[in-house]
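Colleague: Right, I'll just put the structure down here and ask away after.
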Amino acid sequence: MKLPMIDQLEKLTGHYFKDKKKLKKALTHSSVQGSEQGNYERLEFLGDRVLGLLIAEMLYQLFPQASEGELSVRLNSLVNAQTCADIALEMELPVMIHVGFEMKNLKGRRLTNMYADVIEALIAVIYLDGGLESVRPFIQRYWQSRAKQMDAGRRDAKTQLQEWAHVQGGVQPHYRVVKRSGPDHDPVFMVEVSIPGFASEIGQGNSKRCAERMAAEKILRREGIWETMEKNNHE
């Protein structure tokens with residue numbers, strides 16, 4: 001790895017890298033053939049756990065009144081692939097990633113996942129270099145402002161309910177129309193949303209989408225997710 005690139009990464013992360021070989025590995029995709037130093041997959045595995053721990057710690061400190069459910073939703077939003085990929089782009093990491101020829105034209109979700117994997121691998125290298133105390137400033141630098149700005153209580157209710165349901169046990173909300181009434185030009189839909197292990201709720205609206213959103217909002221409020229988020233966002 002060229003010295004200017006290492007210098008740039010050290011400025012971006014605020015960390016002096018002791019193990020340059022691991023740093024190179026963190027930026028190498030498995031599609032690179034004959035790579036002696038290996039690829040980032042094992043580092044990504046470790047970095048994912050370190051990121052989750054430090055984000056959980058940060059949220060616990062930032063939102064002392066938040067319920068476990070709210071913290072889980074916020075955690076999921078901050079460690080998901082899209083957020084990590086956004087940070088990779090902010091750091092201009094994509095130009096530093098080594099990939100095989102067949103991966104040069106990667107697009108969409110697979111590209112997002114690769115960027116996220118590299119961020120997590122980079123976190124692992126910092127952790128192996130200096131432990132949690134070395135990683136914490138990096139996490140605070142790129143994630144803390146996102147955590148503070150996140151108005152989770154006002155995000156799309158269906159998306160938030162899906163995230164909340166996932167952290168409850170990997171389940172998904174199921175929506176079904178239970179009734180449709182009114183004329184074609186002014187219909188009224190009643191939609192039931194159910195989640196395994198929880199009581200269902202029914203929402204009403206002039207479209208299926210609106211009724212689904214209303215039903216999702218009812219569960220979020222009933223379970224205390226929106227209530228605590230709204231309280232925290234006004235403090």
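Every residue, even glycine, has its Cβ placed from backbone N, Cα and C.
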Colleague: The Mg(2+) site in Swiss-Prot includes D117, E120. Which of E44, E57, E192 is also listed there?
Modeller: E44
Colleague: Can you list, in sequence order, the residues of the same chain other than E44, D117, E120 whose CB lies within 8 Å of the CB centroid of the Mg(2+) site?
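Modeller: Everything else in range on the chain: Y40, E41, L43, F45, G47, D48, C84, A116, V118, I119, A121, A124.
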Colleague: Which whole-number value in Å describes the distance between the Cα atoms of D48 (active site) and E120 (active site)?
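Modeller: About 5 Å separate the Cα atoms of these two residues.
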Colleague: Do you know offhand how many angstrom separate E120 (active site) and E44 (Mg(2+) binding site) by C-alpha?
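Modeller: Given the Cα positions, E120 (active site) is 5 Å from E44 (Mg(2+) binding site).
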Colleague: Just how many other Cβ atoms lie inside 10 Å of the Cβ on E120 (active site)?
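Modeller: If we count other Cβ atoms within 10 Å of E120 (active site), we arrive at 24.
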Colleague: Can you check which residue among the recorded positions E44, D48, D117 has the largest number of Cβ atoms within 10 Å of its own?
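Modeller: Answer by Cβ density within 10 Å: D117.
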Colleague: I'd like to know the mean pLDDT over the domain 'DRBM' (156-225).
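Modeller: Average per-residue pLDDT within the domain 'DRBM' (156-225): 89.
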